[in-house]
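Annotated features, as they stand in Swiss-Prot:
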- 589: chloride 2 binding site (BINDING)
- 697, 699, 707, 708, 730, 794, 795, 797: ATP binding site (BINDING)
- 308-323: disulfide bond (DISULFID)
- 343-353: disulfide bond (DISULFID)
- 312: N-linked glycosylation site (CARBOHYD)
- 331: N-linked glycosylation site (CARBOHYD)
- 347: N-linked glycosylation site (CARBOHYD)
- 24: phosphoserine (MOD_RES)
- 47: phosphoserine (MOD_RES)
- 51: phosphoserine (MOD_RES)
- 81: phosphoserine (MOD_RES)
- 88: phosphoserine (MOD_RES)
- 734: phosphoserine (MOD_RES)
- 916: phosphoserine (MOD_RES)
- 967: phosphoserine (MOD_RES)
- 1050: phosphoserine (MOD_RES)
- 32-56: region 'Disordered' (REGION)
- 665-681: region 'Scissor helix' (REGION)
- 1-119: topological domain 'Cytoplasmic' (TOPO_DOM)
- 173-196: topological domain 'Cytoplasmic' (TOPO_DOM)
- 441-450: topological domain 'Cytoplasmic' (TOPO_DOM)
- 532-554: topological domain 'Cytoplasmic' (TOPO_DOM)
- 599-612: topological domain 'Cytoplasmic' (TOPO_DOM)
- 652-1085: topological domain 'Cytoplasmic' (TOPO_DOM)
- 120-141: transmembrane segment (TRANSMEM)
- 150-172: transmembrane segment (TRANSMEM)
- 197-225: transmembrane segment (TRANSMEM)
- 249-271: transmembrane segment (TRANSMEM)
- 272-297: transmembrane segment (TRANSMEM)
- 420-440: transmembrane segment (TRANSMEM)
- 451-473: transmembrane segment (TRANSMEM)
- 505-531: transmembrane segment (TRANSMEM)
- 555-575: transmembrane segment (TRANSMEM)
- 576-598: transmembrane segment (TRANSMEM)
- 613-635: transmembrane segment (TRANSMEM)
- 636-651: transmembrane segment (TRANSMEM)
């Protein structure tokens, strides 16, 4: 959280100005006791230097402390008014907000909007756990361990978990790069990669979530019909080959029934789904804990689940009870049911027995030997099977011979061909669900903190569970039981349930409810994702799915989701649906990593993630891993998924989604540049994509050398913005005569740019007047979308001493041009004191004085400077001014929130400026400014006299300011010898001999001038702000502050220059910043 303090600023010190006729000192101590105080010891607006009319204007009379900025308040508001709007910020989308307001309007009263209140645990960690743990853990992980072996199973888990962990790191960077409104992962991807990629990936994520609902429903049906209620099956096999088809048909019928019921539940109300979410999560946690307890118990008291073996083949034990060929009953050997199945007759002399049955012995082995039995070593290695192959145990004696084909149904056989790649595709859905936290971003109290911490902790937790489960299963369960997918060899028990304590039913019931809950969650989330895509209107034919019920529920999207999920139900095989699901999720994760890598490599100014533990190499590794997993698990599914995504991309591009969200080689570069420039012509960039495109206006000396090369140094230190840099200059004269001179100047500037490491372009124009040439550069530099949006302009040093008013007229006219063109303006003052690229500031501060808000340039520039090695170690401080009517405490809170969302690390200080009286010093300085202005216009001074006059004024100002700012205590008795007198006073004038050749007839009127009221107020603003700034920032490495706009009336231009001089007096390095009238920094992702 940013550090902030409140600094009260006292009024100016008392001085002795008795030589000013008609002025008297205002005693603040006495006036505070009078009726014209505000009751808190603060002086009212009354002043001997302002007319009562101005003081009585009330709200129309703007704060005297900020009078310099009063002409532009409509476009550059006070900071306090901007910060107040942050309190009403909401994460809700527009439609949801309107719906909430409509609901809260019942009875004519609006309820207060409920603020997001979820923390990391409830908002991210537990939902991620619930979405990651799913049907694969309970139904397929044991089979995967038995088939791939412990070592390869650990490798599969490691690859999949690394993929999601790397994706979570990339996602955390994107999610913390600004406020993520309700919309989650789709919002992040689409706003990072643009509408084409966003739409394609969004639809892939939607299809993945929809097929996830189908997978969870199929898992629930498998648990129901296999372990809970097998008699509930509708279809039964009529022959040996009808077993699989009967199972699939049962899955289709019951799956459709379950899907219809769940869709109705979601349609009736999501609140019911959310209410049961905690119950479903509890089922998952209890089931997992029972597995661990059972594993520990098996070490000293293994559960009894015997497995019947014929030779080394595993028998399906759901059709017989006694594991023997014959039994002795009443001293008579009788055939068992097992004999009857293999010999098709209870007669012990039957000659139609299966040869393998006759030649091999029937034995019984423990299905759960326990952790102390040493089966881990046997289960280390893989045992991949082809479809229809019998599950065998290595090490048991067996006489190999061909058995009868009819007997195959009596063994435990593989229902699908298995390999490492197949298992990767089946297991990957068990690590998906990492987006659950970001999908709830609108409900989180602090999404930028909760999403990274909660998601990564959930992935670490689930990964540890998977790793430990693989080792636990391999150490406790017999290999043939592990390879028995449906538990046929252990009397049709769920294999993982055989290990659980106290009963297999804990796992059976828990896994059933957890899969049902996960299915409901998927059916709830997928329609909302489709609705978000439809509302963005990037895919026109999906527009209808953006509408819903009156309460905003996505009815049409839910209907489409149910129809697509039905396609997954009709596939009817969990092992076939899982790879499809993997493809869509891997596609989504691939583009999340791509988005992070692209943003990191481009280093756009808006890329400021609060989560710091990311790197483009990690994102690239995650992207490569996703792509590899897609082709490893199922190359043809991967191609289909990529074709679908590509078709969606081209369709959105073809439709022209106008959304704002982001030698031979030379010929190729030219073609690419032309294509890029044409694409950039669409309009101004989105705030997130804004970066400073600089036009640096240089002044050349008589030898065509750059007069202030540090302007180029400063521009190079802003190169972290990765924007365009154009360096321009003007040669005064005729183009026909000065063309060669312009070419030479251009080459000189290019050489200097190379020395200062400025990457950009140079343009020198020839014009009859410098100000016209500068106006041409401002208007015409750049090409297409690659145009400058910011102008760097040098300060006109020595304007006071110059006998030519064009010295400062050119400067002010250029300021007006940039304002008219809606360009930002940067004016580095005292540029000679700016650091070179070889210097390093090992400590210090960059101080930002945020007086009025004009687009956020003041915030963005220090961030860009601190990316450069010169300024890297400097810390950022932001000062803002609170007036008497501002709530400074609330401003502190709002500013802290604002900076947090901007992802800027800075100390914050709120400076309280009381509306004190305008001091005699201010009045005198204004008077002298106006007198000097008139004198220089009226008197025909020689150059020597004018230089002396300007130097005297400058010396007097500097001495007076130093005395005022750095005196520790007030001096009540200032002697006459210590007084600083005006250059032109009544006494001085009367004492001098009259010479009509040196003075105008109306000079005697100058000493009777009363300064303009608005000039007094503006001078008061400059003096007060300068006192505060020098007091707080005199030791800062750089001070940035708002540059007041020039007066609308050009007659006050010279006074405007004086105001700027007073405002920046006593500061070593100042950067005056004037925004271009648009936002350049945003809190959004």
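Including glycine, each Cβ sits where the backbone N, Cα and C put it.
For residue 794 (ATP binding site), the same-chain residues that are 6 or more apart in sequence and have a Cβ closer than 8 Å to its Cβ are 697, 698, 699, 707, 708, 711, 827, 828, 831. Checked against residue 730 (ATP binding site) by C-alpha proximity, the recorded positions 323, 331, 347 yield 323 as the nearest. Beyond its flanks by at least six residues, the transmembrane segment (150-172) meets 144, 185, 188, 376, 379-382, 420, 423-424, 427-428, 430-432, 434-435, 438, 451-452, 455-456, 459-460, 462-463, 466-467, 470-471, 474, 586, 589, 592-593, 595-597, 609, 611, 613-614, 618-619, 621-622, 625-626, 629 of its own chain at Cβ-Cβ distances under 8 Å. When Cβ distances are compared across the two stretches, the transmembrane segment (120-141) makes contact with the transmembrane segment (420-440), since 3 or more pairs at least 6 residues apart fall below 8 angstroms. Sequence-distant neighbours of residue 734 (phosphoserine) (same chain, 6+ residues apart, CB-CB distance under 8 A): 766, 768. For residue 795 (ATP binding site), the nearest of the recorded positions by C-alpha distance turns out to be 81; the candidates were 81, 353, 589. Residues within less than 8 Å, Cβ to Cβ, of residue 343 (disulfide bond) and separated from it by at least 6 positions along the same chain comprise 335, 350, 352, 353, 354, 357. Using a 10 angstroms CA-CA radius around residue 308 (disulfide bond), none of the recorded positions in 81, 331, 347 qualify.
The binding-site residues listed here are 589, 708, 795; among them, 589 has the most other Cβ atoms within 10 Å of its own Cβ. Residues 159-160, 162-163, 166-167, 169-170, 172-173, 421-422, 424-425, 428, 579, 582-583, 586-587, 589-590, 593-594, 596-597, 600-601, 641-642 of the same chain lie 6 or more positions beyond the ends of the transmembrane segment (613-635) yet place their CB under 8 Å from a CB of it. In this chain, the transmembrane segment (197-225) lies apart from the transmembrane segment (272-297): fewer than three C-beta pairs between them fall below 8 angstroms, excluding pairs fewer than 6 positions apart. Here residue 81 (phosphoserine) is positioned 84 angstrom away from residue 323 (disulfide bond), judged by their C-alpha atoms. Taking residue pairs at least 6 apart in sequence, the transmembrane segment (555-575) and the transmembrane segment (249-271) share three or more C-beta contacts under 8 angstroms. Cβ neighbours of residue 312 (N-linked glycosylation site) (same chain, under 8 Å, six or more residues apart in sequence): 392, 393, 394, 395, 396, 397, 398.
If you count neighbouring Cβ atoms within 10 Å for each of the recorded positions 323, 697, the highest count belongs to 697. Here the candidates are the recorded positions 347, 589, 797, 1050, and by Cα distance the one nearest residue 81 (phosphoserine) turns out to be 1050. Considering other CB atoms within 10 Å as the measure, the emptiest surroundings among the disulfide-bonded residues 308, 353 are those of 353.
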